[in-house]
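Q: So that we are looking at the same thing, I have put the structure below in structure tokens.
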Amino acid sequence: MGAIKYNVDQWVEANKTYFLPPICNKMMHSDGQLKVFYVGGPNVRPDYHLEEGEELFYMLRGDMLLKVVEHGRAKDVVIREGEVFLLPGRIPHSPQRKADTVGLVIERERTPQELDCMRFYLDDKCQEVLYERWLHCDDLTQGLANLLHEFMGSEERRTGKPGPNSFLRKPVCEPDSRVTLHAPFSLDRWLEEHRDELDRDGGKRDLFGKGHQSTIVVLGRGVHETQCSGTETFLWQIAGSASVSVAGATFTLAANDTLLVPAPGYYTLANQLGGRTLATSMAPKSG
């Protein structure tokens, strides 16, 4: 598979019917390690999703609410238009989206042995689990639809009390109750704050700092080589223009163009002064 280029504005417009109920989402890239998709609304979910990998959120249009469980307590995280947010792994979360909104989500492929959890809590306090199912996430949309249908017809949902079918297996992993979530922030404001650094020759900076599973770097002026080898990289040209060389082919990226660089992810990218490229890679689960 070669590199795949899209313009976000054109792609979203061409696929706008998918962002309406009952589907509300459309995959941009799904065949490799990265799952890159856009989600619309209204889309209100009663379940909480638990996975071991990270998820990157960016709101293209409108705001969204991400209900999470942090330190064992329910919390609302509002991601506003133009803001980015990196959700750590093993944090139960439930996206709530309004009509006329569109947001980007990037997550990684699951290993064949990896299981996700769809969890329904007894109430909004999220202190007691009413019902949960563990499943391999090869098609989250269909898997969630089937699970919701199963839950809606369950005795546990009817009575509002945990029952013999609430838990069919031992949990594969537990929520991380130690991590404190960082607040969403404006991408444009962040770029302005780090303008001088990114305008230096070879300037670049980790968008969320160090210590994460994912490699998410903003590339500024100058020539940049692969930031994370051995896996796919999703390049999003935030501002200016860039020239990207991949396997002997050259691509020109204008503002809001994207390029999926296939594994092993080798590329050379050149940005002019004022050019800004977001490079996202998510390596497979280790161990």
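Positions of Cβ are set from backbone N, Cα and C atoms, glycine also.
In case it helps, TrEMBL gives these features for our protein:
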{"type": "BINDING", "residues": "Arg45", "note": "O2 binding site"}
{"type": "BINDING", "residues": "His49, Glu55, His93", "note": "Fe cation binding site"}
{"type": "BINDING", "residues": "Glu55, Arg97, Glu107", "note": "substrate binding site"}
{"type": "REGION", "residues": "1-173", "note": "region 'Domain A (catalytic)'"}
{"type": "REGION", "residues": "173-287", "note": "region 'Domain B'"}
Q: For the Fe cation site (His49, Glu55, His93), what does the 8 A shell look like? I mean other same-chain residues with CB within 8 A of the CB centroid.
A: Tyr48, Leu50, Glu51, Leu66, Val68, Leu87, Ile91, Pro92, Ser94, Pro95
Q: Measuring Cα to Cα, how many angstrom lie between His49 (Fe cation binding site) and Arg97 (substrate binding site)?
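A: Between the Cα atoms of His49 (Fe cation binding site) and Arg97 (substrate binding site), the distance comes to 15 Å.
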Q: Which residues, sitting 6 or more apart from the residue listed as 'O2 binding site' on the same chain, put a CB under 8 Å from its CB?
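A: Ser94, Pro95, Gln96, Leu144 - these are the non-local Cβ neighbours of the residue listed as 'O2 binding site', listed in sequence order.
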Q: Between Arg97 (substrate binding site) and Glu55 (Fe cation binding site), what is the CA-CA distance rounded to a whole number of Å?
A: 16
Q: Using the residues the record lists for substrate (Glu55, Arg97, Glu107), what whole-number Å value is the largest Cα to Cα distance?
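A: Across Glu55, Arg97, Glu107, the widest Cα separation comes out at 18 Å.
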Q: Could you state the whole-number distance in Å separating the C-alpha atoms of His93 (Fe cation binding site) and Glu107 (substrate binding site)?
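A: Here the two Cα atoms are 14 Å apart.
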Q: With Cβ-Cβ distance below 8 Å and at least 6 positions apart along the chain, what are the contacts of Glu107 (substrate binding site)? List them in sequence order.
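A: Correct list: Leu34, Lys35, Glu51, Gly53, Glu54, Glu55, Leu56, Met282.
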Q: Considering the binding-site residues His49, His93, Arg97, which residue's Cβ sits among the greatest number of other Cβ atoms within 10 Å?
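A: Top count of Cβ atoms within 10 Å goes to Arg97.
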